[in-house]
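Straight from TrEMBL, the features:
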- 99, 103, 189: Cu cation binding site (BINDING)
- 99-103: disulfide bond (DISULFID)
């Protein structure tokens, strides 16, 4: 296709085709982003950067978010409380397996970050994926999804109101979205990842955090 700068004046047909192509690309981009997070929804780390981020790449929470002691169910059917789990550091993300884009990107970032840790560091970290779509994310579905990333990752499900109760103190917004032509539906949710020690979320990473930056922060949290 010739460059737009070389098209002769009056090439109206080509210009109309170009405008239609741009419109289609923009429409696809909007559709892809609609399922995981939205700029209309609260951002879990908005306004919290402060003047001293303590050397972290993510956002250090000077006032930690307190994780409620609520029990969900892991993929083996066992009860699991995020607040009471004994792992020294839990890396927590709320998402769903049918998310069209962002969830997979974020979870891949987490998997890559964890793979950069030394064995003794990795043993002190537990990655926890909390579904925002328990109606479709059954325990087997969650397990299959997480096994593709790392079999050690924990998947949690439960009744949606209980998941929302767990998410609210972390400023994670969850809402079932519009039904899609395919018959499915989107789930709108914020997309931050949290570093949780005990029952306190101490650090939050945005969806654009690189694996190397997240790995460096995890190591720093383990040392603190």
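Using N, Cα and C of the backbone, Cβ positions are placed for all residues, glycine too.
According to DSSP, residue 99 (Cu cation binding site) is assigned to coil rather than to any helix or strand.
Around the Cβ of residue 103 (Cu cation binding site), a 10 Å sphere holds 27 further Cβ atoms from the protein chains shown.
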